[in-house]
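Step one of this worksheet: look at the structure below.
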Amino acid sequence: MPLSMTGLGIVTMLSQVHADYWLAGTVAATFVFCNALLAPQVSRLVDRFGQGRVLLPAALASALAMSALLLCTHYRAPNAWLYLFALLAGAMPSMPAMVRARWTELYRGSPKLHTAFSFESVMDEVCYIIGPVLAVSLSVGWFAEAGPLLATLFLVAGVSLFSLQRGTEPPLHAHPRRRAGSALAYPAVRVLALVLAAIGVIFGAVEVVSVAFAEAHGNKAAASLVLSVYAVGSCLAGLLFGLLRWRLALSRQLLCMVTLMALSLMPLLGVESILALALTVLVAGFSVAPTMILAMGLVERAVDPARLTEGLTWAITGLGIGMALGSALAGWVVEGYGAASGFLVAVG
């Protein structure tokens, strides 16, 4: 929940206080990209020293930096301080990777792992449905810093409770001598991170263009409905996919899902109403959660247990970087060529 609330929460907070969307967007982007770089390093420390010794200090460091960012915003400190604390707040650990590492330790080699990954993907979607809406609603309806503040409280409380669950904490594994350094040494991790980055571009573009498209049709509030329908389609597919057992190799399944995703996005180029857009993204959402489930499963099979958390984090990080790039590129296209043209970013 904290990660789903923080980026948009920063944008909403700064745009209200400073009335400057460029500042708001670049500070939020600083957080996103620094988290993309720092979260895998936190996960690498987790693989080496254990979740119990690393997670809470990392979460507290991120929370302190975020608190400083909120104070600097409230008291209108120079902009340089906003960027500095957004950078430091990027030390926020990747909790989706931590949870999946625990499921892997519990069910490695069992069909139950597929079901567990499916459940986690659905929960991720639920967080990304609720989180942004909650962050914006609090910052607009209460006070500007309320959204990021609640995200910070969720981070500290959630990581504290998670760290207390010692019974499911993965044990430390000996690091294989044949592969030193980062989990990126595994070709599969690099490929999957790039694949998820490309998918992230789609997500980011659809999010931005849906807002612009709805506004162009005189109903900006309908954008939240469109994006919720997109996530609901993904949730339903994730639940169903978790119940099924496929004989096809995971890599072939992933190829099929990516192909299905590409084909399902093509109708976006012809949508002319908000209803048509909602129906199109509902169908397109059916391939989202299964793709994430398969990607996590491939990482689990590709890397040694001593690199698992870092490997999962790099894959998830690829998705986040892609979303940031997709949002920026789609925004530029929409500004220059109109809302409907922005869908070319997702389809292309």
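Using the three backbone atoms N, Cα and C, a Cβ is placed for every residue, glycine included.
Within the chain carrying the transmembrane segment (21-42), a Cβ under 8 angstroms from the stretch's Cβ atoms is held by residues 3, 6-8, 10-15, 54, 58, 69, 79, 82-83, 86-94, 97, 182-183, 310, 313-314, 316-317, 320-321, 323-324, 328, all 6 or more beyond its ends. The transmembrane segment annotation in TrEMBL covers 21-42 (among others).
What TrEMBL lists as transmembrane segment is 54-76 (among others).
According to TrEMBL, the feature transmembrane segment maps to 82-101 (among others). Residues 2-3, 6, 10, 14, 23, 26-28, 30-40, 42-43, 46, 51, 54-55, 58-59, 61-62, 65-66, 68-69, 72-73, 116-117, 120, 124, 155, 158-159, 162, 170, 296, 300, 308-309, 312-313, 316-317 of the same chain lie 6+ residues outside the transmembrane segment (82-101) yet bring a C-beta within less than 8 angstroms of a C-beta in it.
Under the heading transmembrane segment, TrEMBL lists 146-164 (among others).
What TrEMBL records for 184-206 (among others) is transmembrane segment.
If you average pLDDT over the domain 'Major facilitator superfamily (MFS) profile' (188-348) in this model, you get 83. Per TrEMBL, domain 'Major facilitator superfamily (MFS) profile' is recorded for 188-348.
The list of residues near the transmembrane segment (221-242) in space but at least 6 beyond its ends in sequence, with Cβ under 8 angstroms from a Cβ of it, reads 114-115, 117-119, 121-122, 125-126, 128-129, 133, 206-207, 210-211, 213-215, 274, 277-278, 281-290, 292-293. The annotation transmembrane segment is assigned in TrEMBL to 221-242 (among others).
The feature transmembrane segment is assigned by TrEMBL to 254-271 (among others). Outside the transmembrane segment (254-271) by six or more residues, the chain places 195, 199, 202, 206, 213, 248, 277, 280-281, 283-284, 286-288, 290-291, 294-295, 298, 340, 343-344, 346-347 with a CB less than 8 A from a CB of the stretch.
Look at TrEMBL and you will find 277-299 (among others) tagged as transmembrane segment.
According to TrEMBL, the feature transmembrane segment maps to 311-334 (among others).
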Verify whether three or more Cβ pairs under 8 angstroms connect the transmembrane segment (54-76) with the transmembrane segment (146-164), leaving out any pair fewer than 6 apart in sequence.
yes
